[in-house]
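Per TrEMBL, these features apply:
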- 349: active site (ACT_SITE)
- 438: active site, proton donor (ACT_SITE)
- 66-110: domain 'FTP' (DOMAIN)
- 215-356: domain 'Peptidase M4' (DOMAIN)
- 359-526: domain 'Peptidase M4 C-terminal' (DOMAIN)
- 973-1046: domain 'Secretion system C-terminal sorting' (DOMAIN)
């Protein structure tokens, strides 16, 4: 297969498609599984995945998913790529990718052909299929007939393929697939021949066209450049053995380019024909993929790069050969084109090889257009990084003879007849050029340009857009991981948009600024709206895809508000429907919102009208409709439901999805530490009221059994009523535990487990100093949770401060040379998004009776000196930072503050004092450190990493009064108020006293003299609304506190 720049004239009249606003339209095939979000708490790893989801994916016992490769991204995510087989026959184009984080699959995407059932015995031979294709192609000379070529006769591969390939809306058939390559006339063509009746299902052109020693190359296009050559037999060769398995350039005649002094001069025929540019471009493209993505050559395994200059006759093209793995460059005709060896062209062609060994985007229609675009994107990126003075956004601008001409423009695709708007006025809709692969590449090209440079204006639909610049460094990473980790051979533009937003959400957060810019760029090219626009997604929410024994099945869907700002108000109608695909009767239902449907929220809806299945398997099309939804591609899914057999395994299946723990770890008599469970019944028979079940809480060294009986009948698809339960205080410290739901009739027990964490502590009282002496701390009053990329040790340094608690980080660069931490300009969000680099200290604060209680400690926040700004961090001090959360009696957060006074070694040792808000019971101190390591000899934390050191943790106060909260010595009326109230004293013998007003931080904001039993008080109007504490100090030294609410 070859990839060329497209050089033909524009094909005259282009039909203008009608676009309704910015709505997206997508093939209905397999939408439920094309992009699959795994429910939180499912805990399925990549080994278990296809067994757990076989039914949902339609994988029959004769289907098999075979592993292809594994890739990693810069956030330490792992992506497993699989190919579907049926009875050991490849299902062509059916590839599926599992996205794993923290050892569990969180999402999956791709194509799986469900519920296959066909005969795999061919009725014609491979030789018959080859002859049928040759009669259709009618070439005079094939490549294997030319003695100069080493190619052999193609061997057709038996596959299963969809008759509408690369779409999936047709029938699945057994077929032979192979490529015919001819030299006279010059043509490469892929054929798909029906293995039963010999009919040609599809044929299409596969000529993907672009349309040791240090030496100096005086290149044709890029000035003087340093090159690495090899010295052999006294001659320097355009050959490089320092990169992978080598880079070799030669003429089509077999000539090896050589020079006597390694100064490759201007004016030679080889220089004029572009041989030097070709060689230098190969080296720089290799360097680009290695330095930016840690990719070793085209295939990631250091395959040899072979570049051939077609210099025997004028040839206006360049192409990648996917069988011989060579790149081939014409020397032009010097009338319209010069040699096709400019660096963007070289990078373009080599990227076709990268695409072949990653996403494998088929060279047809939208997938082919994206294949071309990714080559444009990375071809121009190579030029940007290695010849920035001459960089522009023109594709092939240096190889055209005419001034101000080029093959394509990424900055303005319309300039050369390419679309920059999806299915807009310039969108190519015919079958020529393999469905417009060189034309329709303009959409993704323009999207990439917008993110690199930023731009505002109106798009073709007259819709305003404003894309803020992300820059080359960020955008190439996004594009590369779309190509290598998410896209599959038949991916469409809608898939590319979904992939990019999925990556952006994983890396930066779903409503982060970067995420918004990615969405805004897609809006600009006609795909979807912004994150501020209305956008609701519908997903299948039911694990079981099998009906009950009588054939009844109820659909349950989940709706997600993907907008970052749009709220659907209370009482908004939502129209839902399902039908037997493709044209069965439609069942419609209307759900009226019972509360506001806010950004980021999701809700579940169960159809009241059940399905009655009569066939072994039935495919349904499920939709949702809301007003103003800008992205309709995610408003439907297709799902196949199987009719249950009499002995179905799911007849009594209960899924325990999670255990929630709420309350405070501190001992108190007001609020107990409580737990609750969430479970759904996926079975078919009704579970009657008073059915006995039990919840087993398994700690490391003990099990607590909580028996209960159901309080109502549980119907298929309903929630199992697990009552709330107390978490017994049988230990002190932190324990990780799991809960197991036990039901005697449960037929699937492996989904009955959910994990949780429990902390129990005693109070730390005033002036009890934790000094971490003797390498320990009081574990009854303080405990630690250490995450995966963090190390905590108590270290004794007598010459410094003695025993201290030391926290450091881990690796910040993964095996693919990507920066692991997620970037965010807000410190609170930065800590929350990178919690795996942190450890948290838990303690309970006994502040009852304390006046102006404070949390005090000594701290040093030290930076490693890493150049974090080169990774995009605007504030390197974030790399060693602290967050403190104060929680009330129920465990709710009262106040959060962050501290980052980090400096490079030697860091300053500081004494920190924080006012503890009133109503505080528990305190959590989270220390985040990015880079760190442990000395392999001593086993101690290396002192040169990002490091936080703490010592002398203590709770203090200004003074201690005698406080009796049950005695009421004064009243405040009204309360709440607006800062204007009356104080009623219940001690008439007091001649004078005063009130002190404290805010929630414990800071005194007012002192009010009191000299009569009933006194009016007016506080400053500058005090903000909120909760305050009024402290009454009487003449006899008695202190009493009351809560004041200012509206």
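Here the Cβ of each residue, glycine as well, is placed from N, Cα and C on the backbone.
Between the alpha carbons (Cα) of residue 349 (active site) and the residue listed as 'active site, proton donor' lies a span of roughly 14 Å. Taking the Cβ of residue 349 (active site) as centre and 10 Å as the limit, one finds 33 other Cβ atoms among all the protein chains shown.
Around the Cβ of the residue listed as 'active site, proton donor', a 10 Å sphere holds 28 further Cβ atoms from the protein chains shown. Looking only at the domain 'FTP' (66-110), the predicted model's pLDDT averages out at 88.
According to DSSP, the residue listed as 'active site, proton donor' sits in a coil region rather than a helix or strand.
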